[in-house]
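**Student:** Per Swiss-Prot, the feature domain 'Protein kinase' maps to 44-311; the stated evidence is sequence analysis. Per Swiss-Prot, domain 'PH' is recorded for 386-491. Annotation source Swiss-Prot lists region 'PIF-pocket' at 75-119. Feature annotation from Swiss-Prot assigns region 'PIF-binding' to 77-112. Taken from Swiss-Prot, the feature region 'Activation loop' covers 185-222. Annotated region 'Disordered' per Swiss-Prot: 321-377, in sequence order.
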Amino acid sequence: MLAMEKEFDSKLVLQGNSSNGANVSRSKSFSFKAPQENFTSHDFEFGKIYGVGSYSKVVRAKKKETGTVYALKIMDKKFITKENKTAYVKLERIVLDQLEHPGIIKLYFTFQDTSSLYMALESCEGGELFDQITRKGRLSEDEARFYTAEVVDALEYIHSMGLIHRDIKPENLLLTSDGHIKIADFGSVKPMQDSQITVLPNAASDDKACTFVGTAAYVPPEVLNSSPATFGNDLWALGCTLYQMLSGTSPFKDASEWLIFQRIIARDIKFPNHFSEAARDLIDRLLDTEPSRRPGAGSEGYVALKRHPFFNGVDWKNLRSQTPPKLAPDPASQTASPERDDTHGSPWNLTHIGDSLATQNEGHSAPPTSSESSGSITRLASIDSFDSRWQQFLEPGESVLMISAVKKLQKITSKKVQLILTNKPKLIYVDPSKLVVKGNIIWSDNSNDLNVVVTSPSHFKICTPKKVLSFEDAKQRASVWKKAIETLQNR
C-alpha cells in the first residue's frame with residue numbers, strides 16, 4: 001500500500017480493449033493537473049469534521065504556509081487494502097483530476113504518509129444540501145428548482161464524459177459559501193465503455209457494471225435486479241433527491257434496507273398534496289422503472305429533461321451567475337463568536353494521522369481535561385432516564401454517558417435494544433425484555449476504529465473495521481448520538 005501513490009505518476013499507460021471485444025493495446029499518457037505533493041500533516045491546521053465514511057474522513061484543513069482552506073479527505077491505507085478498495089480510491093483520484101466543471105468539486109493535490117492517503121479538495125463552506133433540507137424542514141419549489149437545475153447541469157457534463165456517478169443524494173451535493181451546488185464523492189463512479197476519461201487498467205470500480213453500490217434509498221430497481229448500470233441510474237437518484245427536497249424525506253423511506261428495496265421494486269411511492277403538478281410529473285418520470293424512459297436518458301438526452309415544465313423560467317446558460325436561495329445557518333454556529341476561526345475549534349483527535357500530529361497542535365489549543373469532556377458528554381447524553389436495571393452491565397468504575405431505547409436494524413428485521421454509551425469508552429446494546437447483552441463495541445484511541453454516519457434524523461450507522469451496525473432512534477436523535485460518541489473520541 002505504501003506504493004499506491006507512486007502509481008499515480010505524472011505519466012500513465014492505459015491498456016484498452018476495442019468495443020468488439022478484441023484485445024487491442026493502446027498507449028495514452030497525460031500529466032496530472034493535481035500533483036502529488038511532498039506535504040505532511042504537519043503542514044496543516046485541522047478544524048471541524050465535514051464528514052465520515054467507512055474508510056475515510058473529510059476535515060477542514062488550513063495550509064499553514066498559505067492560509068488556504070481545503071476539505072482534506074483522509075483515507076486509511078490499512079482499511080483500503082483489507083477491504084479491497086484500492087481500485088475505487090485510484091479511480092476517484094483519476095476521475096476528479098480530469099473533470100472540469102463549476103458544478104463539480106475540485107481536486108487540488110494529493111499526498112500520503114505511512115498510514116493515510118490524502119486528497120485536498122475544494123472546501124464548500126455552505127455544507128451539504130441534506131443539512132439545508134433538515135434545517136428548513138423542506139425546500140420551497142423555487143429553491144428545489146434552482147438546486148435541481150444546477151445538479152442537472154453538472155450531471156449532463158458527467159454523463160457527456162461517459163461517467164455514471166452512482167451515488168447522487170443530498171449528502172453528496174455540497175454548497176459553496178454563496179449557495180451554488182457542487183457534486184462530490186466520486187468513490188462509486190463508473191466509466192462507460194466510451195468514456196472520455198483515461199483510466200489505469202487496475203483503477204476500475206468493478207468489472208461488472210451491475211455491482212451494487214450507492215445508498216439504499218436512492219438505488220434504482222434495475223440495480224436491485226442486477227441489470228447493468230446506465231446513465232438512468234443517476235436520473236432515478238435525481239428524482240429521489242428532488243422528492244426529498246420538496247418533502248423533507250426520501251420517497252422510499254422505511255425501517256430497514258430490505259423494506260426500502262421492496263418499496264423500490266414495487267414502486268411504492270406516495271406524493272404529498274403540496275407537490276405541484278409539474279414537480280409531481282417530473283419526479284414520476286424520473287422514477288420510471290424503465291431507465292431509458294427517464295428524462296435525460298432517452299434519444300433526446302438532456303434536451304428533454306431541461307424543457308420539462310418544472311424548469312420553466314430557468315436560464316440554463318447563466319445558472320452560475322444567478323442568485324442562489326438563502327442558506328439556513330447551522331444552529332450550532334449561532335452561539336459561536338463571529339470572529340472565531342473554525343480551524344481552532346472543534347478539536348479532533350488526529351493521533352492516527354502521520355507520525356505525531358497531536359504534538360503539533362499543542363500550541364494551538366489545549367485539549368479538554370477528562371472531567372471537562374465527561375461533563376460535556378453528560379450534558380448531551382443522558383437523554384432517557386437511567387434505572388438500576390442497566391447497572392448490571394457495567395464494569396466497576398464504569399459510568400453511563402448516554403442511554404436510549406432504539407431499534408437495531410438488519411436486512412429484513414429490526415429488534416428493540418437498549419443502547420448504552422459508557423466512559424470506558426464502550427457501546428453496549430442490550431435486549432430490554434431478556435436483559436441480555438446482545439453485543440458491545442469497544443474502541444481504542446485510534447478514532448479510525450469507529451465512525452458514526454447519520455443517514456437521517458432518526459437513523460445512524462456505527463462503522464467499525466469489522467462490521468457496520470444500523471440503528472433507528474424514534475425520537476430523531478441520530479445527530480445527538482453521533483455528537484456524544486465523537487465527543488468521547490476527542491476526549
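Numbers run from 1 along the shown chain.
Glycine is no exception: its Cβ is also placed from the backbone N, Cα and C atoms.
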**Student:** Just give the helix, strand and coil counts over the region 'PIF-binding' (77-112), going by DSSP.
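**Tutor:** Computed counts for the region 'PIF-binding' (77-112) are 19 helix, 7 strand, 10 coil.
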**Student:** Under DSSP, the domain 'PH' (386-491) has how many residues in helix, strand and coil?
**Tutor:** 21 helix, 46 strand, 39 coil
**Student:** For the region 'Activation loop' (185-222), would you mind checking the mean pLDDT of the predicted model?
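**Tutor:** Value for the region 'Activation loop' (185-222), mean pLDDT as a whole number: 76.
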